[in-house]
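Asks: Here it is, the structure, as structure tokens.
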């Protein structure tokens, strides 16, 4: 500031001029443009345009799976396209094509027995149309290849050492002197039944083989048929591994596999199935099926859970559901597991309790609902609820035990040792007996008890008012009898008139017995516990006189020395 004040002609307090000087247009420079251009927004769109919007392709307006599209259907043909039609029947939704050996379905083994009541999408055939023009791609179609690729023939496979060709197994196996021949029917293609050594020869290499067909929750699907034939192209046996819902009823899965493919199941372990193609199978003459291009939407079926199920009122059903909440499940189903023994487990559980619960945590709702529907038909039973990812079932009023009629036994209501002592000291005029309660045991347990009593392995006490001394005496008597039965065998003593023992023993000739070794373990010599009776313990006259054994002589000498 001191420096500025010392400058001549500079007044720091002077005011600004009232009229600013006019800009000289000739000497002024143009103003610079802003660094960021001003955006230009399009005009706002009107909500109700007057222009006509072109309609979209109807193929793009098909209802999706989560839509509320429902079309009620009845049994019969619901859609036709010339000779091709969509049919609703006992097997659900099926597709009939001209020249097809059977009606096609998406899943052959997992279709419910109940008829569908509605479909979730329009009735279209999921196959390619018979004639489809080539779509325009802007290029001319390719010329026909000059290579003449022959069809694969199983009867004339490529040589094993040919370069670039995978391993191919020849038809067979055939007995000595027989060769493959063309067959049209299933019996002609399968040929003679396989022997045990042939089955072992075919299955053993595939036990650790990872080339297989995986069968999941949808069961045997339509496209799986062509996949099995592609496995049969190079191998005689196709390995199929089943997991999940279809394994509840493996017999149903195996039956559909044999019917639709024409093969023969030669071995089955758990959920793994080995399917033989046949001795006279030829890949060139195999049945060819059209490929299903998409998975059809699952139809709508009647509800599995009803408020008042069969044979129950609504109040009774609610009471059973309330009791089922505190019931322990008999098992927990794992995801993608093998449930081959589930039906048997449920039947055994119904022998003990009228309600059975299965834990299905981790499974999809569609999976355990399908499992419940299968158990309803196979056990059979009545489904009560799927709450909390658990299947609750009731055995029904028409339930019958697997072990016959249920019998009852009388057991003491109060078992006290002191009561027996007091009763033994009382006078004979006191005829009071302890209270008894009738307890109904399970049929399986009663059958095991009955079998044990018949084989003298258990004792039935008819006198319930036994004291400790009398009960101990009974137990010791039965213990001696059971030990005698367990450690004894039948003995046959043959005596001859001349006193010779040659007929009671086998003659020893040349260092071997004259009896046939194959007759040693004949069916007549097999001992069963049920063959014992009271006569088998009768006294038998000894053939050796008393005192003639070496043990008797030693005992006699010791007796003399002690005197």
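Each Cβ is built from the backbone N, Cα and C atoms, and glycine gets one as well.
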Asks: Pick from 89-118, 119-148, 149-178: which stretch is listed in TrEMBL under region 'Disordered'?
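Replies: Matching range for region 'Disordered': 149-178.
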Asks: Which is it, of 447-495, 496-544, that TrEMBL names as region 'Disordered'?
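Replies: Checking TrEMBL against the ranges 447-495, 496-544, the region 'Disordered' one is 496-544.
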Asks: Express the predicted model's confidence over the domain 'CRM' (192-288) as a mean pLDDT, rounded to an integer.
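Replies: Averaged over the domain 'CRM' (192-288), per-residue pLDDT gives 94.
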